[in-house]
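Peer 1: TrEMBL feature annotations, pasted as is:
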DOMAIN    22-143  domain 'Amidase'
ACT_SITE  76  active site, charge relay system
DOMAIN    171-491  domain 'Amidase'
ACT_SITE  175  active site, charge relay system
ACT_SITE  199  active site, acyl-ester intermediate
């Protein structure tokens, strides 16, 4: 049952094949069995079981709330949850329990979803590996997959229990790595992440999932502890595109508590069937063919373009001329807003407070030194430097102007007749933890988010879809980018692509006994891009 899609499980619940309580217990058991992945910071077992009981009563009375009623979900630990600790994976917020739910969390609960817990992340969502949080790094479930281990068998035969304790594992991507690992390891059917520069799409690509970033303003940010207000978007992680559309249909809409949300969005409750792509024009940005891109992903990207072309779509090369400036522009704008947002954590009203009482200034400094890690402190310092009176014009204002040029690049491409852009999501497959930490956080983020950051600066929708397994037996994702507020069309094209490629389900050795039959029978498609 845990290997099925959200929609399939929803049907099973409605037909009485399984009860919400039984399903909830199965997921809680899976969380316990995959605890070594460190995907969750908090597991809300009592809350979830109580919600399951209420869902079960509704089903018995024929009053189901919809497709999400009784469906176990997880939420990244930077979304406020009433009565449940919200830490942002930081010592600064350990023990903080919000008095309200984020709008997106409340919408899920209103539809009967079961909140299993809060997932791990990079501290305050600043990172691309989910390795820098106060509760330890997240391990990619594919590190322990049958597919990956079979590729390494000729080199050595490591035992699984030794790898759980050691460092022979792969990063999950970030900063929503906990949410990605939770869905990938089949502990839940959907999870919320946040996406500021690729933080949902990046771990989705590394964990073999669909990772969706909605158009800025389509989904409320209220209750998402802010990193970069002008770029933050709640993201969705699922195992297939259709499941993403179901969740988005619940989350999308105007929120009086978030003035950036649109008034009357087109709600994508269902995706139209797409059988003919001959009227589509797919754009391939030439600036995304960077030297750092692995040859394997480059080849896969080309084969995906050929797949669309062979099906009748028009595939053309396009130019996004200001792409090369996006990394620097993003860094200036991101750290500037971080510096502003992090100022609220001063030890006075909530969160960590040091024991220093010499002066208010000394208390501020000591609290922030103890509460924030090096990554967060570094971004605060960088942001304050860019916002200094003598630097403001030369850095922040210039970066805002470049951001407009980057956004205009996308507008020009879409106005030229292009419907969807097809790009890589990441430079490479997931890398081993020990290799990942050789670089500092700033360098890693700049490298790993090169294909994703510009989308956030332009406010566009984008989705990463698993396309194939690499030669190492690891997931590789490709990204689709759409016009602003054309999220439904974007997901429709992404689902067509998903249906064409053959992407296998994760097989966790020694952990998936009760799902073995599902793994043997399930496939997501019929055409392999690995040929």
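Using the three backbone atoms N, Cα and C, a Cβ is placed for every residue, glycine included.
All TrEMBL annotations are machine predictions without curation.
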Peer 1: As a test of the contact definition, list every same-chain residue at least 6 positions from residue 199 (active site, acyl-ester intermediate) whose Cβ is closer than 8 Å to its Cβ.
Peer 2: 125, 128, 174, 175, 176, 193, 235
Peer 1: So among the active-site residues 76, 175, who's got the most Cβ atoms within 10 Å?
Peer 2: 175
Peer 1: For the domain 'Amidase' (22-143), DSSP counts of helix, strand and coil?
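Peer 2: DSSP composition of the domain 'Amidase' (22-143): 48 helix, 19 strand, 55 coil.
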